[in-house]
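Take a look at the structure set out below.
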Amino acid sequence: MILDSTVNMLAQKILDEGPQALSFQEACSLTELPARSIPDLFLAACKIRQHYQKDDVVLCSILNAKSGACAENCAFCSQSGHHRTDVVKRPLLSAEAMIEEARRLDSAGATRFSMVTSGSRLNAAEIETVGQAASAITKSTRLTVCASLGQLTASSAERLKAGGVSVYHHNLETARSFFPQICTTHDYEEDIETLLIARKAGLRLCSGGIFGLGESWEQRVEMAFTLRELDVDSIPINFLNPLPGTRMADRSLLPPMEALQVIALYRFIHPAKPLLICGGREITLRDFQSWIFLAGASGMIVGNYLTTQGRDIGMDRDMIQSGLF
């Protein structure tokens, strides 16, 4: 099979010269391909994934450990107190409740488990509860324990690390140049600072964003290169699910092929990093969900999301086992 010449040249460059071979302008050229070349992009992204990531699949799971009443005004989020939604407001779950859910998801086949909380940050007592839960989960399951708790201080990051948290998740959400259109209650640099604090404490970094917010293709590349500069350890890719009551409620879903092209683009820019397909997968990709691996993905969230329902974990495991893996 003869691939599109641009796709083939850039893919070979990545295979020959290493994970950071692609320049910003070369990445942008992949967003300007004719429609007939998009399948070639997927095949090349799959080849890059297999070269750097083999066929290992990461199955992430998350728990909404504290829900609603967030002071931030992120345009897409149903948990923001600036939006009128039907999200249930709930304080932090007990450590026991978090441990129980982790054990259930471990039995179901998840490989990572993340405790996720609404709000800008947790207080010291809440951090202690999460740390206690993480310690028990680490000892009683096979799961890699993750946390997504908003902004961090050095002391809170150190407590999480001591408790057994391995990965800290904190999305940039979008490009720096587009961020003011999405959130005005905190600065982009605060998110980057949290990632740096987490890394200094010895936590691995999981950071990505949401696509379909109105950002341009160049801004998608911009965020990818910011993540590359930060050298994050894994990258979650979300697609906007326009929820009633949010400022994004009337936005259209990304077309499935465009969503898959985003995945392939990020595989070219991040050849050796796990790309995890997360929120909006089912509603955006529909019958094309199994194509995520062809497009370069190496993992996904299984089970439910924060405020929306996912599909049965068994269905996703069957999809993987009967597909490319």
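The backbone N, Cα and C atoms fix where each Cβ goes, glycine too.
Because the structure is a prediction, the values reported are computed rather than measured.
Site annotation (Swiss-Prot): [2Fe-2S] cluster is bound by S114, C206, and the candidate from C146, C183 recorded at this site is C146. On the 0 to 100 pLDDT scale, the model's mean across the domain 'Radical SAM core' (52-281) is 95.
Those residues of the chain, other than S114, C146, C206, with a C-beta within 8 angstroms of the mean position of the [2Fe-2S] cluster site C-beta atoms are C60, I62, R112, T144, A147, S148, V167, Y168, H169. Cα spacing between C77 ([4Fe-4S] cluster binding site) and S114 ([2Fe-2S] cluster binding site): 18 Å, rounded to the nearest whole number. Listed in sequence order, the residues E72, N73, F76, S78, Q79, S80, H82, H83, S118, C183 complete the 8 Å Cβ shell around the [4Fe-4S] cluster site centroid, once C70, C74, C77 themselves are left out. C206 ([2Fe-2S] cluster binding site) and C70 ([4Fe-4S] cluster binding site) are 21 Å apart (CA-CA, integer value).
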